[in-house]
Amino acid sequence: MESKVVVPAQGKKITLQNGKLNVPENPIIPYIEGDGIGVDVTPAMLKVVDAAVEKAYKGERKISWMEIYTGEKSTQVYGQDVWLPAETLDLIREYRVAIKGPLTTPVGGGIRSLNVALRQELDLYICLRPVRYYQGTPSPVKHPELTDMVIFRENSEDIYAGIEWKADSADAEKVIKFLREEMGVKKIRFPEHCGIGIKPCSEEGTKRLVRAAIEYAIANDRDSVTLVHKGNIMKFTEGAFKDWGYQLAREEFGGELIDGGPWLKVKNPNTGKEIVIKDVIADAFLQQILLRPAEYDVIACMNLNGDYISDALAAQVGGIGIAPGANIGDECALFEATHGTAPKYAGQDKVNPGSIILSAEMMLRHMGWTEAADLIVKGMEGAINAKTVTYDFERLMDGAKLLKCSEFGDAIIENM
């Protein structure tokens, strides 16, 4: 199939050498506009990023944006049922760093979730979700500023692998028959009309995630890494996640037992400070992030727990509208708006573009362009502090000025 993508005349590819990015002064970065409110938030993000790069580097650096397609727009460009073209996957692999708006879930069979499909096809095994408070953001908790965590959610395993069979299907009956007759399973309460699923959790998948979390804690001078799990109930999956995490910390980072264990301390080779490696049961953790958020820092968890935790934490600091996220693998990274497509607001220039703008800030940091990233944070803090905000914040603030989506982007630029 001929290419449907226009490659910019100016710009060069980001390359990878020995696991490190080589970022040219004028990188080509693919972006997916996204469905629904993607038409509003993505243009605002592009404008903010361009302004930050221009202000930080005075024209010496510039991003050449290249639109690629997934979701509803892809079906218009590639054909009726082409939601995730092979060309899109190839270009993300080739150009190493990309960013996307929100994507709809295709109606009917085939791909269950485009977001999950992108993560799995590209082996983006880390879902990275930093959660911090921006001064002035309306929050339901008394001290949102105490929440400052970075979540490493395992992206490739757990029940998100999508290995499940519908109740009353021949496949479900076959699996249940095998479990009962071959494996001696007696605990399926109602086997006659029962959907069934499988939860994979591997040593390799766990260790590469926990390794990345500890490396992040070292590089960013963080105090602790917490393994969150339900190992008290699921001993051989969630419990194994905890055990393999501790094992990796001992074997690769010289972790030493604290008071007989299981908690460990790891010395940060850059600062000499100790990083505590600890674990907590998932339901207790969801209590603790409300009661004692300051005690937690870098979080490593399996896929489902990570989904719950990152959204719960986002609400604590002011909602999913400004929660950034990234999906990172060894070969490439895809930064994303973490909210849905909100089709009823599409094209109204109304919604908060903060999530994809702060995801772009993460992207710039990933590229090593920290000066431009810092300007976006400064601009976001300034706009929110000045109470110049979109409708989702304006209705919760006293004396705020209501801005459109595009105007909020402009306010971020003005506050840089």
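Every residue, even glycine, has its Cβ placed from backbone N, Cα and C.
Between Lys58, Lys73, Lys242, Swiss-Prot assigns N6-succinyllysine to Lys242; no such entry appears for the others, which is not proof they lack it. Swiss-Prot lists Thr104, His339, Gly340, Thr341, Ala342, Pro343, Lys344, Tyr345, Tyr391, Arg395 as binding NADP(+), and of Asn327, Asn352 the one it places in that same site is Asn352. For the D-threo-isocitrate site that Swiss-Prot gives as Ser113, Asn115, Arg119, Arg129, the extra residue drawn from Arg93, Arg96, Arg153 is Arg153. According to Swiss-Prot, the listed position annotated as N6-succinyllysine out of Lys12, Lys100, Lys166, Lys230 is Lys100. In the structure as shown, the Cβ atom of Asp311 (Mn(2+) binding site) sits within 10 Å of 16 other Cβ atoms. Of all residue pairs in Ser113, Asn115, Arg119, Arg129, Arg153, the annotated binders of D-threo-isocitrate, the farthest apart have Cα atoms separated by 19 Å.
Ser113 (D-threo-isocitrate binding site) sits 10 Å from Tyr160 (site 'Critical for catalysis'), taking the Cα positions as reference. Of all residue pairs in Thr104, His339, Gly340, Thr341, Ala342, Pro343, Lys344, Tyr345, Asn352, Tyr391, Arg395, the annotated binders of NADP(+), the farthest apart have Cα atoms separated by 27 Å. One residue stands out among the binding-site residues Ser113, Asn352 for having the most other Cβ atoms within 10 Å of its Cβ: Asn352.
Using CA atoms as reference points, the binding-site residues Asp307, Gly340, Ala342, Lys344 were checked against Lys100 (N6-succinyllysine), and the closest is Gly340.
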